[in-house]
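Notes follow the structure.
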Amino acid sequence: MNSIEYLRKISHNPWYWRSYILGGLALLITALVFQHILDELPCVVCIQIRLLITLLILVAIIGSLSCNASRKVGAISVFSHLSTIAIAAVLTERSYLLLGTERGFIFAACGFDLGLPAWFAIEKWLPWFYRIETSCGYTPELIFGITMAEALMVMSVFLLLISVTVFLAFIVPAKTKR
């Protein structure tokens, strides 16, 4: 089995999507531990990243459910793969903004407004999870001197590369045996 066939097999496997679900949940739990136990308050970009990770989990649930579905539901699989790529791209951009703000090579206005429409007031519905509590400029150290912004940057680029690679393998037609 060559690498394209192996990646194609992964793209149809529910565990591909479940790994995104588990990874996303681990990231959100880590964020909550830092916020509520270690008292590291989230900024607007941190909350936007939480929203993106939550969206990634929801898309991964849909992708997992559509893995072994009929051909009619194949469009849902394509939607899930493309949505994952889009989320990973925006997550990479937000992580870069956070890292740049922390390191001082990006000067951005970082207020207390998520920029969401009034009908989607998630910061009011789940304030313990999505409320902005501080301005941008600093992220806590995780381990070995690596800050949260640095780790997010690496993870989001990795997510983008994996998502694009698996999607490309997903759309390649399967080889027929002769």
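A Cβ is built for glycine as well, from the same backbone N, Cα and C atoms used for every other residue.
Those TrEMBL annotations? Automatic predictions, nothing curated.
Record features (TrEMBL):
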TRANSMEM  15-34  transmembrane segment
TRANSMEM  41-62  transmembrane segment
TRANSMEM  74-92  transmembrane segment
TRANSMEM  104-122  transmembrane segment
TRANSMEM  142-172  transmembrane segment
Positions on the same chain near the transmembrane segment (104-122), where near means CB under 8 A and six or more residues out: 43-45, 47-48, 51, 96-97, 130, 132, 135-137
Positions whose Cβ lies under 8 angstroms from the transmembrane segment (142-172), at least six residues beyond its ends: 4, 7-8, 10-12, 16, 27, 34, 49, 77-78, 81-82, 84-85, 88-89, 91-92, 94-96, 98-99, 101-103
